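As annotated by TrEMBL, domain 'Response regulatory' applies to 4-129. The annotation 4-aspartylphosphate is assigned in TrEMBL to Asp60.
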Amino acid sequence: MLKKIFVVDDDEISLFVTEMLLQTQLMQANISTYFQAEQALQELTSSIERNTIPELIFLDLNMPYMSGWDFLDLLTPVQQKLEKLCRIYILTSAVNDIEVNKSKTYGLVAGFLNKPLNEDVLADILLTH
């Protein structure tokens, strides 16, 4: 059973839809939402220190200030601490082969998903966690 999930997305509607879907499917999980990747990165860093690492992170790529790619790059120093505990799913409205291939270079990225997240895709993710 998943205990902690982060959703990082600057799109208010997408963030709301994803959060509602997660809440209906995972009523026991603690779901934290972030409009900015910087906030999520700060909380993730703190969660590593407290040993309360989220099992899943749904991450948008195209955000102002810090993109999803920047977020992933900044996780490189702590990747070993996260590897077996946390999986990241990129959640984006613009899927293209270049970005899908780039995402495969990040060890923490478990998948590349189209927005909006739906029940079937979430069910598949939950089967692997």
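Along the chain as shown, residues are numbered 1 onward.
Cβ atoms are placed via backbone N, Cα and C, with glycine included.
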Counts by DSSP class (helix H/G/I, strand E/B, coil) across the domain 'Response regulatory' (4-129)
58 helix, 26 strand, 42 coil
Within the domain 'Response regulatory' (4-129), what mean pLDDT does the predicted structure show?
94
If you count the other CB atoms within 10 A of the CB of the residue listed as '4-aspartylphosphate', including all protein chains displayed, you should get 24
